Amino acid sequence: MWSNDYAGVHIPAECASTIGGVAAFILLAALPLAVLLTWLTVVLYRRRVLQAMRSVSPQADTAETTAGSSVTVQPPAAALHFNIGQAADAPAQLSSPATAGLAWRAGVAYTIAGCAHASIATLLTFVFADMELLPVRLLAVWLLYAWPVIPALLLTSVEDPRQKWGLMAAYFGVILALDWSLSAFGIRDTGAGTGSLLIVWLTWMGPPSLLLWVLNNRAWRSVGLPAYLVAIALVAGWLLATQGLACLAIALDDVGIWLRYRYTVLAAMLVLLFSGVWWFLQRTARRYREKRMSSLSFTLDSWWLVVTLADMVIQFDTTHGASASFILAYLLYKWLSRALQPSSEPGARPAELLLLRVFGHRQRSRHLLDQLGQRWNFSGPISLIAAPDLAATNLEPDELLQFWRLRLRSLFVASAADLRQRLESFDASPDPDGRYRVNEFFCYDNTWRATVHALIQRSDAILMDLRGFGEEHRGCQFELGLLLAQAPLPSIVLLVDGSTKLDLLTNLLAKLWRQLPLDSANRQLEQPCIRLFHAPNALYSVTPLLNLLTAASTNPKP
């Protein structure tokens, strides 16, 4: 496959290729296969989760399905009041100075590490190309390599979608300004015209950006990059086995080599490469399970690794293999991102948030969880009941491998004893970067009520997303009744918007309040009140909502 003589065997011209060309072909050819694998995994995963949710566990107790559902004909002495507020009515103070500091330090850590990666890559590029170190040219090349810092900031520090678009526009605005400066100072390379800097960006950063946009979007992020590794193994195994063996047969003028060994070599290569990828994925899942890495660090490390590999491949032939030294930039990024990671205060008690929701609004639920997690996960863990709308979004590395092993049902709560064991092993400790995790509970149709009941009792704040609530969502009656009966009212925030049928919701809440169990501590309240946060239809910022939830989590439990 390579155009040289090796061990006295001449490689024919039709088999000649370059290492960079072969690597580029493998990386590009693996992309559509990875898209197919990711799509199939996500679709089948959601389908299997839904099927399991609708089935029943034979190990479950009948008592589990009625937990917290007893009612009484004697209504409480005081009627339930509703405090319907908007963003302007929320507490002005940010969620907490410690949380804000951790979130800011995490963004700074990943930014510094990314800038260091860009600096090493820039210096290596100037050395390889033997370019003169002019300040404007140096800044222009550095800015190209620093592009991944922008999506990293979008993921760690920028919450408002409008600010995200503004940050990206500012980045490309600076590139255009530098492009103009190259012409103004007369230091543009010969033959390069206006807009050449953007063309270089498209050449260097376009392919990895396209790959990450396709495979690392929020809906596919948990599956896309592992699927890409599997696709690379399949494409590389096929190429090395079939094309390599065919070229060897041509070089030796012995077609029998191809006829006799093609299937054996192909199977051996696929098994070898797939085993290596599977080992790597198992190792990653184990490190994640042992809290030696976080979902955020896994995502950002994958981004920078993809960019590094793309830079190595794009410049491999022109630098005669010297671009392999770009791996030094990635190693520096890894070291700095770990060394600068913030950590939670020792002994600090995490604030646990329970997120309940109306199922069926996948994009809206995903967006809310992203925005909440960006800040709240520095305060404490978020718990939720798994469902198809968010199941693939929060798919963890070990859960993905369990699904690929056809062991998805091992993740489901099957009985009261199983639930107790999962609550005892509840993940309430931070990851190395100071972030807490999202804890999903997979439940059968006869175990989810007991699970919700248990999570309500241990949570410091409870948010129920009732946007889109209507006549067809009366299935939320159990959760609402359980909240009124078991949770301190000040710890509850109900999220509504213009799509919520408020009259229907408040009437249902009033009805459930009149059926409050006799043993509910909320019956003793003189002025019982539940807060509804009326969000704008486009929820650009969750800061007011976070402030409400922080205030709710500080209320002492009865």
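Using the three backbone atoms N, Cα and C, a Cβ is placed for every residue, glycine included.
According to TrEMBL, the protein carries these features:
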| type | residues | note |
| --- | --- | --- |
| TRANSMEM | 20-45 | transmembrane segment |
| TRANSMEM | 108-128 | transmembrane segment |
| TRANSMEM | 134-155 | transmembrane segment |
| TRANSMEM | 167-187 | transmembrane segment |
| TRANSMEM | 193-215 | transmembrane segment |
| TRANSMEM | 227-251 | transmembrane segment |
| TRANSMEM | 263-281 | transmembrane segment |
| TRANSMEM | 293-314 | transmembrane segment |
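Remote same-chain residues near the transmembrane segment (167-187) are listed as 134, 136-137, 139-140, 143-144, 147, 150, 153-154, 158, 194-198, 201 (criterion: CB distance under 8 Å, separation of at least six residues from the stretch ends). Stretch with the most C-beta contacts under 8 angstroms to the transmembrane segment (193-215), considering only 20-45, 134-155, 293-314: 293-314. Within the same chain, residues 107, 110-111, 114-115, 117-119, 121-122, 125-126, 164, 167-168, 171, 174-175, 178-179, 181-182, 185, 187, 197, 200-201, 204-205, 209, 212, 296, 299-300, 303-304, 307, 311, 374 sit at least 6 positions outside the transmembrane segment (134-155) and bring their C-beta atoms closer than 8 Å to a C-beta of that stretch.
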